[in-house]
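Read the structure below first, then the notes.
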Amino acid sequence: MNSPAPVGSPAPVSAPSLDVAGLAFAYPDGHQALFGVDFRVERGERVALLGPNGAGKTTLVLHLNGILTGGAGTVTVAGLPVGKRHMAQIRRKVGIVFQDPDDQLFMPTVREDVAFGPAAAGLTGAELEARVDRALDQVGMAEFKGRPPHHLSFGQRRRVAVATVLAMEPEILVLDEPSSNLDPASRRELADILRSLDVTVLMVTHDLPYALELCPRSLILSEGVIAADGRTGELLADDTLMRAHRLELPFGFDPRSVTMGA
């Protein structure tokens, strides 16, 4: 739990984008995936969630917008507890971009895919079109508005998938392996887009150089707990920590030689 502010200290300007406290969860078959996860992400931060397969990363992400509930502990998004009472608001505030963009693109055109969420939330007319146009502009896909998604490249489809989430104007953008299956040019384009967004980002990835490039801070989730929380470059340069949690950098990659961008 977070300690109360000392007497006489100024009140915080706003609640953090995400506050996870004591989160534990077991599946119905008895498998315990999370054992008490604690962390917070401030507004505007870009944070990488790292960890080996089976660490509990997917289980954690599915708690952030209430897809999974019922374990111990709490998840709070922009001051709202994740639960039935606030579920509609939470799902607008937490946008998840899945690893496979085809899981999110199912309408005949790019425009219809991006409009789907806001339209379901009640937007219509000029307000809806403005929301769609703004989201497509943010990912550099405005010129493809009338195209069928299946006619686009994989990298373009991933950018449209990001736009479908941005159209909901989320508090937090959660990305699951955003660099997977991208060629170098698409990888660079997506990185530039993510850096330009005025939104909190939580990036789940095994791509450690991409995490270093985009996220000043990283969390290592291992065996259902946060094993480390710190500056990405410092964590990746800690050989003992990396080995302990089965994380490996590409051959020849030295995080100490990389200058972090903003």
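Backbone N, Cα and C define each Cβ position, glycine as well.
Taken verbatim from Swiss-Prot:
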DOMAIN    18-248  domain 'ABC transporter'
BINDING   Gly51, Pro52, Asn53, Gly54, Ala55, Gly56, Lys57, Thr58  ATP binding site
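Features recorded in Swiss-Prot, as mapped to the structure shown.
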{"residue": "Gly51", "record": "ATP binding site", "Cβ within 10 Å": "25"}
{"residue": "Pro52", "record": "ATP binding site", "Cβ within 10 Å": "15"}
{"residue": "Asn53", "record": "ATP binding site", "Cβ within 10 Å": "8"}
{"residue": "Gly54", "record": "ATP binding site", "Cβ within 10 Å": "13"}
{"residue": "Ala55", "record": "ATP binding site", "Cβ within 10 Å": "23"}
{"residue": "Gly56", "record": "ATP binding site", "Cβ within 10 Å": "22"}
{"residue": "Lys57", "record": "ATP binding site", "Cβ within 10 Å": "23"}
{"residue": "Thr58", "record": "ATP binding site", "Cβ within 10 Å": "14"}
Check: same-chain CB within 8 A of ATP site center, minus Gly51, Pro52, Asn53, Gly54, Ala55, Gly56, Lys57, Thr58: Leu221, Ser222
